[in-house]
Structure formats: structure tokens, C-alpha cells
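Peer 1: Quick one: the structure is below, and I'll ask about it shortly.
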Amino acid sequence: MQFTFEQIFIAMLLTLFAGFSTAIGSIIAFFSRKDDLRVLSLGLGFSAGVMIYISFMEILPTALKDFKNHYDSHWAELLGLACFFGGILISLLIDKLIPEDVNPHEPKEDLSELKICPLPQKGQNPPKFHPGEKLHQINTKALKRTGIFTALAIAIHNFPEGFATFISSLDNLTLGIAIAIAVAIHNIPEGLAVSLPIYHATGDKKKAFIYSALSGFAEPLGAFVGALILLPFIGDLTLAISFAVIAGIMVFISLDELLPAAKTYDKAHDSLYGLIAGMAIMALSLNLLGQ
């Protein structure tokens, strides 16, 4: 199966768009507090709805159809399901390899509400504060290190997402655009997770922004590696395997990352409303476009 330069270029652009949305999260970190981020609950729920719907209603069925071009129905379904759960396993292993204290998807105290204060050096008096004041003495070097390791953790997570966006965009531009938007929404709070500790530790907006943007660079890198490895061999069977694995990765991301993160910013049932809206809009758009 051959792809034109235009197809590859557009797929890479969509992956770049999805990856560098971490920079948007970085900018939000400079101006917003947690209480101002209720819209993230809707957005993350919406992103999860898009990913779950596409995975089960479009990508996995497409993979099974392609498998059936090479195997009988029984073996095609078994192979498709094996690749689907293989995608989940890959995501799970990546998640387990990252320590909890730097994993951006593990719950931790919201840094935006902390009053940052360096630990006193030897011979210095501790800082004074009034009873009841919420003051956290935080070693700014440790805080900065947390932000950097979080950036590395997010980069590892984003690598397979970049591959998923790129391959989907090559085969079906409509699906690729939907996935790119969903991944971009998902990356915004990840940019926050990187930017907040670095910004609070250093007071340097530029440095916090750069680290957030670089953490998203893994997505186009994942697309580039996928292109180098798979493009020479892409056919129905390769796409079938890729799509089934991608469906598993996207379902894991939705259930393990997006929905829990959406609940963090939730008020009432915002995350649920976003989830339903994402599914409904995706279903309607695919139907109208004849997918």
C-alpha cells in the first residue's frame, strides 16, 4: 500500500498539533488556579468519549474486517482481540514502569494551591507565618526535579499516542482528525502537570513552557519512528494489527487517564456530560461523513 507525500505530511501535521498542545497546558498554568479549570472536566470527558466510541465502533471493526481478508472469521476475531488486549498491555506496562511520584496520572496534591517557600538554609531562621495559614515548605530543587521527571514520564506516555494518531490519519483522515483533537485535549492537563512544579520552583515561565512543549515532542517522534518502521511494509494485515493495538491503547488511555483526570476537575456531572457529548458528536459526524 502506497501513500503520497501529501498524506504523510498531513498525518505528521496532525500529530504535531496533538503533541504540542501540552504547551497550551503550560500557558494555562501561568494564569489559572484549579477552581478555574472546570472546563477541563468537560474537555477530558469529551476526549474520552471520542476515543472510546472510535475504538469500539470504528477502529476495532476496521481491524477485524482487514484480518478477515487473510483469515477465516474465527481466527480473524481471535487475532483482532489479541492485538486489542496487547495494546492495553503495552499501555499498562508503560504506566507501571514510571514511578508513582512522577507519573502524571497518579493523584497528588494540587500544586497550584501551594504557597511555595524554599527550605531554610543552615543558620537561617525558618520563615514566619500566621496560625492557620496554608504554608508548605518545599525544597525548590526537588520540586523542579519533579517537573522534569514528569515531563519525561509524559513523553514516554505520548510516544504510542503519536503512533496512533499518525497511522490513523494515513488510512482515514476523518478518524485521524478526531483522534488528534481528542489527544490534544488530553495533553492540556499533562502540560499543566509539567509546568506547575517547574514554574513554582523557578519562577521562570520560559523554562516551564519549554519543558512542557518538549514533553509533547514524543508524539511526532512516535509518528516518525512508526513511519520509518512500518511504511515500507504497510498493507491490510499490518494495518489490521496496528488498528487493533491502537484501539486497545486508546481505551486504556480513556479509562486510566482521561476519565480519572476529568473527575479531578468535576463539579456535578461535568465529566459524564463531556463523555456522552464526545460519543454523540463522534457518532453523528461519522454518520454524516458516511464512515
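Cβ coordinates come from backbone N, Cα and C, glycine included.
Relevant sequence annotations retrieved from Swiss-Prot are reproduced here:
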BINDING   N158, E161, N187, E190, E219  Fe(2+) binding site
BINDING   E161, H186, E190  Zn(2+) binding site
TRANSMEM  8-28  transmembrane segment
TRANSMEM  39-59  transmembrane segment
TRANSMEM  74-94  transmembrane segment
TRANSMEM  147-167  transmembrane segment
TRANSMEM  174-194  transmembrane segment
TRANSMEM  209-229  transmembrane segment
TRANSMEM  233-253  transmembrane segment
TRANSMEM  271-291  transmembrane segment
Peer 1: Between the binding-site residues E161, E190, E219, whose Cβ has more other Cβ atoms within 10 Å than any of the rest?
Peer 2: E219
Peer 1: By a Cβ-Cβ criterion of under 8 Å, what residues six or more beyond either terminus of the transmembrane segment (39-59) are in contact with it?
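Peer 2: For the transmembrane segment (39-59), the sequence-distant neighbours (Cβ-Cβ under 8 Å, at least 6 residues beyond its ends) are 168, 175, 178-179, 181-183, 185-186, 188-189, 243-244, 246-248, 250-251, 253-255, 258-259, 261-267, 270-283, 286, 291.
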Peer 1: Just to verify a number: CA distance, N158 (Fe(2+) binding site) to H186 (Zn(2+) binding site), in angstrom, no decimals.
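Peer 2: Per the Cα atoms, N158 (Fe(2+) binding site) and H186 (Zn(2+) binding site) stand 10 Å apart.
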Peer 1: With an 8 Å cut-off on Cβ-Cβ distance and a minimum sequence separation of at least 6, pull the same-chain contacts of N187 (Fe(2+) binding site), or say none.
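Peer 2: Residues satisfying the criterion: A18, G19, S21, T22, I24, G25, N158, G216, E219.
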Peer 1: Quick one: do the transmembrane segment (271-291) and the transmembrane segment (209-229) have at least 3 Cβ pairs under 8 Å, skipping pairs fewer than 6 apart in sequence?
Peer 2: no
Peer 1: What is the interatomic distance between the Cα atoms of H186 (Zn(2+) binding site) and E161 (Fe(2+) binding site), given in whole Å?
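Peer 2: On Cα coordinates alone, these residues lie 11 Å apart.
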Peer 1: If you count Cβ pairs under 8 Å, which stretch among 174-194, 209-229, 233-253 touches the transmembrane segment (8-28) the most?
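Peer 2: Going through each listed stretch, the top one turns out to be 174-194.
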Peer 1: For the transmembrane segment (209-229), what are the same-chain contacts with Cβ under 8 Å, counting residues 6+ beyond its ends?
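Peer 2: 8, 11-12, 15-16, 18-23, 25-27, 29, 147-148, 150-152, 154-163, 165-167, 183, 187, 190-191, 194-195, 198.
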